[in-house]
């Protein structure tokens with residue numbers, strides 16, 4: 001083969017290789033385009049199902065090792081349309097209480113970053129339920145948890161997290177600087193009320209969707225305080241009760257009507273022989289019912305009911321099944337304050353059904369231990385101590401604490417009635433458990449159902465002391 005033939009042969013081979021390579025590249029491009037078309041079609045199909053992808057990323061230190069955790073969840077999208085919560089439904093008929101949530105925050109906090117808290121409560125919008133709580137500006141098992149038995153300090157803040165989750169810096173939302181608080185949703189936005197400042201001049205800061213809208217200055221200069229549970233929204237107006245004055249004698253009690261964070265009306269209760277603190281309130285057929293704590297002289301609970309014009313009625317739960325702590329043994333009740341063991345108290349709640357009442361209370365008469373729900377079919381109006389149903393939720397041997405009511409509106413549940421629910425604070429640490437340097441709590445919650453329920457104990461369950469306590 002002469003040199004020219006060699007050149008022609010080599011050129012032909014190179015051209016053939018080039019053509020083959022070009023064909024392969026064109027095939028690759030076509031393959032990628034087809035694959036992309038299939039994926040795009042699949043994504044469009046997913047969009048029809050109205051789903052969204054949410055990625056949670058959490059970075060932390062574990063035993064001096066940096067760990068980055070990424071968790072991608074595909075969840076069905078919800079209709080986030082705003083609506084006014086009517087609040088005009090009656091309470092759902094119920095036979096008992098089903099466990100709804102348990103956050104186990106003290107157990108988790110022995111090894112994880114969990115806030116030191118107290119006064120947790122739950123409130124629901126038409127889309128979700130959230131746990132609100134008052135932090136101490138500290139984490140469990142950390143040096144700043146020392147001395148957190150104190151109720152009022154400049155480090156306390158109202159925060160919230162998804163219900164059932166342990167409150168941590170990674171899942172919690174700041175709401176307000178506060179050592180006393182309330183919150184509720186009107187269907188369009190969250191109203192938060194946070195009280196902070198000195199005992200003789202505290203100020204309540206009202207926020208609507210996170211923006212300050214109003215302030216209320218202490219009018220008696222004696223520890224302005226509010227509910228430590230959810231406020232109530234009816235037809236676009238939200239209602240809350242505040243107390244200012246002595247905790248062991250007559251004080252001043254005011255109801256506030258609030259629209260989009262602005263106060264539109266307020267009244268002072270004429271109740272010289274009653275004592276209202278830390279009220280647990282709920283809507284029922286367009287009115288608001290509040291069951292409160294008498295820290296002055298009643299071992300039964302006071303109540304106040306009012307309409308949207310703030311026309312009100314007051315009284316005490318008449319049942320001989322007493323709801324406060326401390327309290328005497330069940331016996332003869334009264335529609336006025338029951339003075340036996342009437343001093344001091346604990347935040348609590350009840351639900352009225354006509355002449356009957358569901359009473360939530362500690363199982364112990366003298367300490368914040370255990371918790372039970374009792375159905376007294378005539379307890380709202382009659383003074384005997386007969387009851388039909390008792391459901392245990394925390395055993396006598398386990399710590400409890402504050403408790404309060406919250407409701408789930410029909411706009412959330414799809415029911416044609418207002419579902420009654422409650423939460424129980426499970427306090428751990430000081431002052432009762434002196435092996436610790438801190439005070440905090442976890443929480444459980446239950447909702448009323450017209451089906452089978454169970455007696456059991458859902459305690460906090462943390463093993464104390466922690467490393468920081470030793």
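Glycine is treated like the rest: Cβ placed from N, Cα and C.
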Given that Swiss-Prot annotates 294, 298 as binding Ca(2+), state which candidate in 270, 311, 324, 330 belongs to that site as well.
324
An 8 Å radius from the center of the 294, 298, 324 Cβ atoms defines the neighbourhood of the Ca(2+) site; name the other residues of that chain inside it, in order.
275, 293, 295, 296, 297, 299, 300, 301, 302, 316, 323, 337, 338, 342, 345
Determine the most Cβ-crowded residue among the recorded positions 151, 278, using a 10 Å radius around each Cβ and all protein chains in the structure.
278
Just checking: which of 146, 235, 294, 324, 402, 455 have a Cα that is within 10 Å of the Cα of residue 277 (substrate binding site), counting only these recorded positions?
294
Roughly how many angstrom lie between the C-alpha atoms of residue 324 (Ca(2+) binding site) and residue 365 (N-linked glycosylation site)?
8
Consider the recorded positions 88, 298, 365, 402 and say which one has the Cα lying nearest the Cα of residue 118 (substrate binding site).
402
What is the separation, in Å, between the Cα atoms of residue 402 (active site, nucleophile) and residue 298 (Ca(2+) binding site)?
17
Averaged over the whole of the region 'Hypervariable stalk region' (36-90), what is the pLDDT?
53
